[in-house]
Amino acid sequence: MKTETHNRQCIPLAISVLSLFINGVSSARQPPDRCNRVCGEISIPFPFGIGGKDCYLNPWYEVVCNSTNSVPFLSRINRELVNISLNGVVHIKAPVTSSGCSTGTSQPLTPPPLNVAGQGSPYFLTDKNLLVAVGCKFKAVMAGITSQITSCESSCNERNSSSQEGRNKICNGYKCCQTRIPEGQPQVISVDIEIPQGNNTTGEGGCRVAFLTSDKYSSLNVTEPEKFHGHGYAAVELGWFFDTSDSRDTQPISCKNASDTTPYTSDTRCSCSYGYFSGFSYRDCYCNSPGYKGNPFLPGGCVDVDECKLDIGRNQCKDQSCVNLPGWFDCQPKKPEQLKRVIQGVLIGSALLLFAFGIFGLYKFVQKRRKLIRMRKFFRRNGGMLLKQQLARKEGNVEMSRIFSSHELEKATDNFNKNRVLGQGGQGTVYKGMLVDGRIVAVKRSKAVDEDRVEEFINEVVVLAQINHRNIVKLLGCCLETEVPVLVYEFVPNGDLCKRLHDESDDYTMTWEVRLHIAIEIAGALSYLHSAASFPIYHRDIKTTNILLDERNRAKVSDFGTSRSVTIDQTHLTTQVAGTFGYVDPEYFQSSKFTEKSDVYSFGVVLVELLTGEKPSSRVRSEENRGLAAHFVEAVKENRVLDIVDDRIKDECNMDQVMSVANLARRCLNRKGKKRPNMREVSIELEMIRSSHYDSGIHIEDDDEEDDQAMELNFNDTWEVGATAPASMFNNASPTSDAEPLVPLRTW
């Protein structure tokens with residue numbers, strides 16, 4: 001019975017012993033995954049931890065994470081954590097001692113001492129910390145519980161400091177001082193401010209601060225002490241270690257094969273060094289590098305590093321094979337099979353690369369070939385062969401009529417960039433370009449092509465290219481390799497006459513002398529086209545938007561989109577009506593027969609514009625006199641020409657010249673073409689007017705009443721035509737005239 005009773009009493013004891021053993025074994029396991037390892041932006045590695053007791057080694061390593069602002073604190077010493085290093089270092093925030101900074105008194109405000117003492121405390125103050133003082137006329141003192149440890153004095157007297165160069169390097173006493181803390185200091189530290197007798201008056205010496213910190217300061221980056229007072233704290237470095245006297249602390253860590261008799265212990269992954277501090281032993285553990293990295297305080301926390309993936313393995317092995325080993329790597333000669341695979345890989349890669357380049361090259365060749373075929377097709381369709389034949393017959397004029405390649409014009413206009421557009425009209429878009437020789441040109445890209453008129457177009461290009469007159473925009477050549485022909489003209493930079501004459505926002509006022517000079521130049525150009533050229537050429541669209549001005553206000557007639565050449569024995573052209581409202585010859589509109597006198601009528605409207613400064617058509621005028629020509633004829637009939645002369649030139653003009661030009665304009669606007677002067681007569685008469693050898697007699701001859709009634713096409717008339725026509729070719733803005741265009745022939 002006694003034996004049975006004894007056995008029953010031993011069972012609970014055995015269970016207790018087994019429980020202790022199991023607990024001891026379980027303590028060697030990793031902390032559970034539920035343990036939080038981050039607080040804010042600060043990592044909390046084991047042996048530190050947040051949460052339950054199994055998340056950290058012992059209470060000295062417990063970290064409390066403030067749920068409001070995610071700020072970590074070391075629980076036992078109640079200090080905010082800055083960072084944790086597994087190399088045995090933590091940084092905490094320690095308060096700043098201050099005097100005379102904000103309280104109105106010079107009495108120091110000393111914070112509670114830094115206390116890291118206690119049974120089993122692993123923390124101590126390292127010798128990386130400095131005692132720093134910033135301010136004037138005081139001493140900063142660091143003390144333990146019973147005695148002063150170190151101190152330094154800060155003064156604003158430059159005689160008490162070293163040279164300027166020395167002051168710039170360290171805080172050596174001028175406005176700031178610092179001193180290193182000796183090793184082996186107690187675990188309770190305070191920082192005080194001592195003010196000499198006579199300097200403790202309120203406000204005397206200003207703000208003074210003193211603090212411990214592991215940060216480095218010099219007189220260059222130390223500003224006013226108020227900055228440190230406002231900051232409120234400084235970073236202090238604490239060392240930490242394991243107390244080997246308690247097996248409960250040493251048992252859970254990975255590097256646990258240690259004994260008190262050996263100064264150094266290591267296994268294949270991690271090592272621990274032993275030492276003594278304040279009468280007790282400690283050890284510091286770390287992963288053996290460079291072969292391992294990780295956390296040595298966790299079972300299996302040090303993991304192997306694959307050096308073959310790093311520069312150290314690649315650089316050392318070079319042409320050999322890098323083989324990763326536990327804790328290191330080895331360079332071994334490449335095996336034949338392995339070398340064979342490498343060669344095969346290089347060959348396959350090279351073949352694929354060559355294949356890709358071949359496919360790309362073939363694609364570019366096909367694209368280039370297609371483009372070349374398309375360009376040749378367009379060249380033939382647009383009359384390129386005929387133009388070549390024409391140029392071959394006129395060897396002396398080859399340069400004047402050049403055939404440009406599409407590549408040249410694409411380069412000149414930056415691939416017809418929309419930012420290069422000078423203007424747009426019914427016949428096409430005009431771009432500003434620069435040729436390889438530096439010449440600035442206007443490149444007109446047509447919108448439509450009439451394949452039935454190819455031969456006529458080529459003949460006219462050749463004729464127009466031979467025109468060489470200083471008051472006519474020069475056709476430099478064309479490109480026929482595009483879907484629609486592209487014409488290249490000389491560039492005229494100063495815009496069109498319409499804009500300069502009618503734009504009220506323009507500060508420039510065109511004087512009468514300039515207007516008369518422009519009229520003479522236009523007349524001379526038209527006279528040249530009608531009589532002096534190889535074949536008479538009728539412009540068919542004379543208007544102020546087609547008169548361009550260069551930098552010297554020299555007129556240049558442009559836009560030959562609707563012009564036609566005739567043989568010498570021809571007196572007129574029978575065509576579909578083309579032109580612009582306000583400028584179209586009424587006789588031409590009724591008969592569809594365009595003569596040289598039709599250009600004279602349009603020029604007469606331009607003369608009236610120069611005289612009056614008004615636009616060729618306006619809805620402001622009365623219904624019957626909406627057109628400028630009719631309005632002018634009505635003024636002539638009522639003998640009030642002077643009333644409609646432009647106010648901007650009345651005060652400075654020669655009135656005899658004005659009346660003479662008005663008389664000439666009236667004759668140009670005669671309804672019957674036979675009664676109008678020709679352009680040569682107009683040009684000579686204008687020259688005579690300018691030389692003041694012409695007497696107008698002030699009186700302007702008037703035609704009969706029948707002429708007056710049928711002088712101009714009214715807007716009330718019903719025409720079976722559309723309302724779209726070419727705009728100005730080279731000016732930088734859209735046409736500003738109120739003239740409404742008719743539909744032109746489909747031209748180039």
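All residue numbers here begin at 1 and follow the chain in the order shown.
Each residue, glycine too, has its Cβ placed from N, Cα and C.
These features come from Swiss-Prot:
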- Asn66: N-linked glycosylation site (CARBOHYD)
- Asn83: N-linked glycosylation site (CARBOHYD)
- Asn160: N-linked glycosylation site (CARBOHYD)
- Asn199: N-linked glycosylation site (CARBOHYD)
- Asn200: N-linked glycosylation site (CARBOHYD)
- Asn221: N-linked glycosylation site (CARBOHYD)
- Asn257: N-linked glycosylation site (CARBOHYD)
- 342-362: transmembrane segment (TRANSMEM)
- 363-748: topological domain 'Cytoplasmic' (TOPO_DOM)
- Thr575: phosphothreonine (MOD_RES)
- Thr580: phosphothreonine (MOD_RES)
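Taking the recorded positions Asn66, Asn83, Thr580 in turn and counting surrounding C-beta atoms within 10 angstroms, the largest count is reached at Thr580. Beyond the transmembrane segment (342-362), the same-chain residues lying 6 or more positions past its ends with a Cβ under 8 Å from any Cβ of the stretch are 334. Summed and averaged per residue, pLDDT over the topological domain 'Cytoplasmic' (363-748) gives 76. With respect to their backbone Cα atoms, Thr580 (phosphothreonine) and Asn83 (N-linked glycosylation site) stand 85 Å from each other.
Across the structure, Asn66 (N-linked glycosylation site) and Asn83 (N-linked glycosylation site) place their CA atoms 15 angstrom apart.
According to DSSP, Thr580 (phosphothreonine) sits within a strand segment.
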